[in-house]
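So the structure is just underneath, and the comments pick up after that.
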Amino acid sequence: MAVDKKRKNTKAPASGPKRRKTQPSSKQIKRPVSVDALAWKTVDIPEMFDDAEGFFGLEEITGVDIVKDGDVVKFMAAVPKSEAEVEDDGEEFGGFDDEETPKPAGNADQEVKTSETKAEAASTPAKEKKASKDQRKPKEQQKQQKQQKQQPKKEQPNKAANKKNAEDKKKARKNEKTTVEPKDPELETDLFTKLEELPEPEEEEIDMSEWVPLDLSPRMISSIAKLRFSKPTVIQSKAIPEIMAGHDVIGKASTGSGKTLAFGIPVIESWLSAAETRKQNKEERKGATALILSPTRELAQQIRDHLQALCKGLPTAPYICSVLGGMAVQKQKRQLQVADIVIATPGRMWEVMSSDNSVLASLRNISFLVLDEADRLLKDGHFKEAEEIFKALDRPPVEENNEDQKMGGTDEEGQEEEEEDSEEEEEEEEEHVNKRQTLIFSATFNKNLQQKLAGKSKFKATSTQDMEYLLQKLNFRETPKFVDANPVHQMAENLKEGLIMCGDMEKDLYLYATLMLQPTRRALVFTNSVNSVRRLTPLLENLNLPAFPLHSGMIQQARLRSIDRFKANEGAKKKNGSAAILVATDVAARGLDIPDVDLVIHYHVPRAAEDYVHRSGRTARASNSGTSILLCGPKEAVPTQRLVAKVHAQAEVKAGNSGNNTKKLVSSGLRTIDIDRRIVAKLRERVDLAKKIADAVQAKTMGGKEDDWMKKAAEDLGVDYDSEELEKAGKWGGKGSSKKQKQKEAQQMSKGELASLRAALRDLLSKRINTGVSERYLTGLDVSELLKGEQGLFLGQVDGLGLDD
C-alpha cells in the first residue's frame, strides 16, 4: 500500500495543467531571412569627424543571429507569428477545476476515453460540448473510487473536522482578547494623522527690498527668500542686471561671494520666461537653455545642488542634470534628452557630444554658455576638451546635401561649391554665435597668478593683456562687460593668514600641533600630491583624529562619501571631541562650499599663487571668518616670498606709495606664528609612533601590489621571477635609495612589532600632556579652568595660534 501511495503522489502533478502554460507565449520567432530583406538602418557619422576616410553610407542591423550550417551562412531574424501559429502554440489556461483529482494508477480505459475525446475536440469543433461532458465522466468515476477507498478510514474526516473546529475556537478567543473597547473616545482616532493638518510654524519675514532693483520676477524673489538671503552680494548686484540685459559678462569676485547665484538666477529667469512663451504659443521645447562647465566633479555637483535648492520655491522648475565622470554614461544620455540646464565637466561632456549627434544638436540652441572657475578651464595645457566643445558649439550643423557633395562631383564644380559653402558657413556661424550669451566667473583672472612660484620667469601681465587672453580663448558675440567685485584685494576680507616656519622633516609634527591647538575647528589640509594624502590620512587616524581623504585617484562614489562625512562632522564625538579633518589635493581647492570650515592648512606651498587664493577661499566664506595657515620649510622660502608678493600685489603698491618697505608687506599679509617648542617636543613621540605604524602598513600594501605586478610581467614575458635577483640588480646609491631602504625595512616589520607600536601609541594617547603644571600641588592652578578642560589634550593653560587678537 505504501508503494501505491508513493506512485499516486508522484503521478499527481503530471495530471494537472502545466505551469509553463500560464506564461505568455512569445509572439515572435526567428526564421532565416535573406540579406536584402533585413531592416537595415543608416549609421549616423559624428559631425566632429572632418574626414571619415571613405566610410560613408554605412548601415547596421540589430536583433539578427548569424548561424553557420557547413558552408552556408543563414541570417536568423525575428518574424511575427501568424494568428494560426499563435493559436496552435498551446491551449489557453482556463484555471483549475474544483473537482479535479489525480488519476489513479492503472486506469487504462479512462486514458483511452480522454484521448478519444481530445481527438474529437480537435477534429470537430462543433462537438466541443459533448467532449467536455465526456471529460467529466472519468472525473466523476475517479471521485467515486476515491470515496470507496476512503470508506474504511472513517476516522480521518472526523479528525480533520475536529482539528478545524479547534482552530476556529482559538481564533475566536484571540479576537476577543485583541478587540478591547477604548475607554476614552479621543483614543479611537489616530492623533498622528492630525499633525499634518496643523499649520506650519510661521517663519520670520525677511526684508527683500534690496532685491527689487535687480528687476527679478516676484516668484524668483520669493524663492530667494526661502533660502534666507536678505540682500544680494556685491557680485550679484553688479552682474545680474548686465546678464538680464543680454550682455556677455566676465565676473571676478573673491571666493565665497555668491558667484553661483550670480549666473544661476538670470539663467533660471530666462527659462521661466521662455517656458511661459512656449505655453502661450503652444510651442515645443527646442533643447537645453544653458550649459555650465566646471573644472571638477565636486564643483559640478555643488552647482547642481545650489540651483536645485533655488528652484524648490518655484511653481514650475527646470530639469537640471549633471554630466560628469564616474557615473553611468547611458543614464546621462537619457537625462540630456529632457534637460533644461546642463552642468558638466569638459571630459565627460565631450565624450557624450562626440558620440551622439542628437546631444550636440540640442546644445547648439543654448541661450547661455557659463564657465565657472574659468581661469582653470582656459589655462594653457589643461582641458583640451573644453576647447573642442567651444568649437563644436560654434560650428554650424552639417546638412545631408553637403555630405552628398563631398562624395561626388567634378573638381571645378567642387571648387565653386566649396567657395559658396564656405561663405554660407561663415554667415551661418556668425548668426549662430550671436544667439548665445557667454558668462565666465572666477576669483582669479590675472595671468601672473598662474605662473609657477618655483620658476624663474618674471613676466608681469597687465589687465589689458588678461582681457585679450580671454577674448582669444572664447568667441564672445560682443565686447564683454567686466564686473570686478574686489579690485583691490584677492583674498576674502574676514580671512586671517598665518605662516609657520618649520623643518622639512617636521611638517607632520607641526601639522599635528596646529590641529591640537584648534581641536574644535573643522580643518581642511591641502597637499600637492596624491601620495601625501594617502600617507597623512592614516597618520592622523592613528592619532585618534577623524580624517577623510579626497584626491583624483578615488572613484566618484568614494569622493562624495568623504565630502558627506566631512560635512556631517562624522566621528568628531568618538575621537576625543576633535572636529573632522579633510586631507585633499587641489581637487577640493575650487568652488567647494562646505559649511563651517574654520581652518585651512597648506601642508605644501602651492605651485601657483592662484592655487593659494582658491585653497584659502574654502574658509571665510560670505560674512564668516576663517584662518589660513601655511607650513613653510627652508626649501620653500623663495616660493613663499613670491607668493606673498603676488597675492598682496595691490597692498604692495599702496605700501610703496606711502613709503613703507616690502618687509612690512610680509607682516601685513602673512603673520608669523610661533608655537610653543615645549608642546612640540612633547608631541614628537606620538607623531613618530603614528608615522612608523602608517609607513609600515602602507609599505606592506604597496609591496604586495608591486610583487604582484612583477610576477604578472614575468609571466607575460615567459621569464622566471626571482625576487632576490631583482633586489640585487635594483640596488643603487643615487637619489631615492634611502627612501627605498626605509620602505623595505617598514615592509619587513612583523605583526608583533606592529602590535607593540600600537600599544605604546595607545598608552600615550590616553594621557594628557602636561604643559608645566605640578601634578602634586594644586595651589598654583585655576581649578575651575582645569575642570572645564577635563576632556582636553593639555593639562594646564595653553595659548592658541595668536591670530585672534
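For all residues, glycine too, the Cβ spot is worked out from N, Cα and C.
Here's what Swiss-Prot has on this protein:
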{"type": "BINDING", "residues": "Ala253, Ser254, Thr255, Gly256, Ser257, Gly258, Lys259, Thr260", "note": "ATP binding site"}
{"type": "COMPBIAS", "residues": "1-10", "note": "compositional bias 'Basic residues'"}
{"type": "COMPBIAS", "residues": "85-100", "note": "compositional bias 'Acidic residues'"}
{"type": "COMPBIAS", "residues": "110-119", "note": "compositional bias 'Basic and acidic residues'"}
{"type": "COMPBIAS", "residues": "126-143", "note": "compositional bias 'Basic and acidic residues'"}
{"type": "COMPBIAS", "residues": "164-189", "note": "compositional bias 'Basic and acidic residues'"}
{"type": "COMPBIAS", "residues": "390-406", "note": "compositional bias 'Basic and acidic residues'"}
{"type": "COMPBIAS", "residues": "410-431", "note": "compositional bias 'Acidic residues'"}
{"type": "REGION", "residues": "1-33", "note": "region 'Disordered'"}
{"type": "REGION", "residues": "79-189", "note": "region 'Disordered'"}
{"type": "REGION", "residues": "390-435", "note": "region 'Disordered'"}
{"type": "REGION", "residues": "729-751", "note": "region 'Disordered'"}
{"type": "MOTIF", "residues": "209-237", "note": "motif 'Q motif'"}
- So Thr260 (ATP binding site), by the Cβ count within 10 Å over all chains shown, scores 22
- Task: Quick one: average pLDDT across the motif 'Q motif' (209-237), no decimals.
- Result: 94
- Task: Determine, for the ATP site, the additional residues of the same chain whose CB lies within 8 Å of the mean position of the CB atoms of Ala253, Ser254, Thr255, Gly256, Ser257, Gly258, Lys259, Thr260; present them in sequence order.
- Result: Thr233, Ile235, Ala262, Ala443, Ala485, Gly617, Arg621
- Restricting to the same chain and to sequence separations of six or more, state which residues have a Cβ under 8 Å from that of Lys259 (ATP binding site). Ile235, Gly251, Ala253, Asp372, Phe441, Ser442, Ala443
- Determine the Cβ neighbour count for Ser257 (ATP binding site): the number of other Cβ atoms within 10 Å of its Cβ. 23
- Under 8 Å Cβ to Cβ from Gly256 (ATP binding site), same chain, six or more residues apart: give me those in sequence order, or none if nothing qualifies. Ala492, Asp593, Gly617, Ala620, Arg621, Ala622, Asn624
- Query: Taking the Cβ of Ser254 (ATP binding site) as the centre, how many other Cβ atoms fall within a 10 Å radius?
  - Reply: 24
